[in-house]
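As given in Swiss-Prot:
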- 17-212: domain 'Glutamine amidotransferase type-1' (DOMAIN)
- Cys93: active site, nucleophile (ACT_SITE)
- His186: active site (ACT_SITE)
- Glu188: active site (ACT_SITE)
- 213-416: domain 'GMPS ATP-PPase' (DOMAIN)
- Ser241, Gly242, Gly243, Val244, Asp245, Ser246, Thr247: ATP binding site (BINDING)
- Arg315, Asp478, Lys533, Glu539: XMP binding site (BINDING)
Amino acid sequence: MATDGSDPIPPHKTFDTILVLDFGSQYTHLITRRLRELNVYSEMLPCNTKLADLPFTPKGIILSGGPYSVYEEGAPHVDHAVFDLGVPILGICYGLQEMAWHFGKNAGVAAGEKREYGHANLKVESHGGHMDELFKDVGNELEVWMSHGDKLSNMPENFTTVATTTNAPFAGIAHKEKKYYGIQFHPEVTHTKMGKTVLKNFAVDICQSTTDWTMGKFVDQEITRIRKLVGEKGQVIGAVSGGVDSTVAAKLMKEAIGDRFHAVMVDNGVLRLNEAKQVKETLEKGLGINLTVIDASDMFLDRLKGITDNPEQKRKVIGNTFIEIFQEKAKEIAAAAKNSSNAGEIEWLLQGTLYPDVIESLSFKGPSQTIKTHHNVGGLPANMNLKLIEPLRELFKDEVRALGVELGIPEDLVWRHPFPGPGIAIRILGEVTREQVRIAREADYIFIEEIKAAGLYRNISQAFAALLPVKAVGVMGDKRVHDQVIALRAVETTDFMTADWYPFDGEFLKRVSRRIVNEVNGVCRVVYDITSKPPGTIEME
């Protein structure tokens, strides 16, 4: 919860935890998601995590898939201490091959004669005892999803085959004595029928994990953690944007420490149309949270001048300026509170960081690369005088929404689309100027207004208009113009780790395009982004 390591009771100390070690698969985060859907708490760490550095003992370990070949030089390998921990282990795809590689001797992993991508028919073999537990209640055959080039060519010592496919004679293996299992398919993807049952068998039946990870339980535990961390007189200043993440975080903090929580919104000049006014009304009237709005738009926009092609620099400038303003406001609030019932030091800064933010900001030395610096995770100055408190840091987006409902937050707030901390600045590709902000802001307002009017808002996970760094020729009012291009983006997703573009019908897009071109001065062309994530990210920068 706190990034300085002072959190007295992290979730893995409270809930039984399945540890997922990531070898770089595009599906790894889904393993954690599926386990949490089963009410089993799970955390993901890099595959090269040293067990000696692990602050908890997991109930079980899952080795993820990955884009590597275990036999190649430089391929990532797990800490050998994993196999001395005495807990059940499940290897998925590359994880199976890594397990076989570890046990060595007669085991072999080789490039398959035929790569296997897509659906496959898995046949389950019965051997009795613990070896049958992984495939309990799935039947003798099931449809699974394969995504591999290499495969196991020889069985490791003391293992036996528990499942096969036409192209993978060792599609499922199990240790004869220990609760070690390997599967070549991906149970975490929805294409695998009964995949969640396989994960349940491992986590709940084999690992004996409790199924008590619920938002109702999380609220009680988190409020206790916050109170213990902050203390009886400690105060927290909250970074509030009006999005679902910061709203839920603010409500949780209010429930935990009452008036010792100070909600502050910084108008950075790159908010949505009328955002500051609407957020203030929403939080104060709807949730009983007093909100201080600081208009720092001139400072932010002045500091963003001249940044044309470096989105990371934009994020860092916004992050540095944001913290600078918050530190000054914290001093003012602390001074005003000295002679009140709230007397105490403001030591903490609340942020609505989520688990996908943490995952995307990790820089693994082995299998993974940094995708981008998230505004709630990176880009913060090293000399900041406030410690971060991030009560949502272990949650996925859908869990945050469920938490919001648990806290009694109105549905229209719970289901509000996310809005990034750097705001419209990362939806303007190129230099951020007041004129560019105006154009992007007005286009975005029209797009969202039309989505709501069409009854599509809840069907779409995130939508916005972005301003591209190019101009196009058009004809308006019988005259040639050379004006801006707006790109519309809308996606569907459950956890924001992967996303598909939303398939609007042509009439809807025609209507939005016509309105933007006619109502937003300076725009002559509108395009629709149909890039999924991956390969793209949801935001433009």
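Each residue, glycine too, has its Cβ placed from N, Cα and C.
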Mapped DSSP class for Glu188 (active site), helix or strand or coil: coil
For Ser246 (ATP binding site), nearby residues of its own chain (Cβ under 8 Å, 6 or more apart in sequence): Gly238, Ala239, Val240, Leu350, Gln351, Gly352
Same chain, 6+ residues apart, C-beta under 8 Å of the C-beta of Ser241 (ATP binding site), given in sequence order: Met265, Val279, Gly352, Phe419, Gly421
Other residues, Cβ within 8 Å of Ser241, Gly242, Gly243, Val244, Asp245, Ser246, Thr247 Cβ centroid (ATP site): Val240, Val248, Ala249, Ala250, Gly352, Arg416, Pro418, Phe419
Distance [Cα-Cα, Å, rounded] between Asp245 (ATP binding site) and Glu539 (XMP binding site): 16
Rounded inter-Cα distance in Å - Glu539 (XMP binding site), Cys93 (active site, nucleophile): 31
Of Gly242, Gly243, Asp478, Lys533, i.e. the binding-site residues, those within 10 Å of His186 (active site) when Cα atoms are compared: none
Maximum Cα-Cα separation in Å among residues Arg315, Asp478, Lys533, Glu539, which the record lists as binding XMP: 41
Spatial separation of Glu188 (active site) from Lys533 (XMP binding site) - C-alpha basis, Å: 17
Nearest of the recorded positions (Cys93, Glu188, Arg315, Asp478) to Val244 (ATP binding site) - Cα to Cα: Arg315
Rounded inter-Cα distance in Å - Asp478 (XMP binding site), Gly243 (ATP binding site): 42
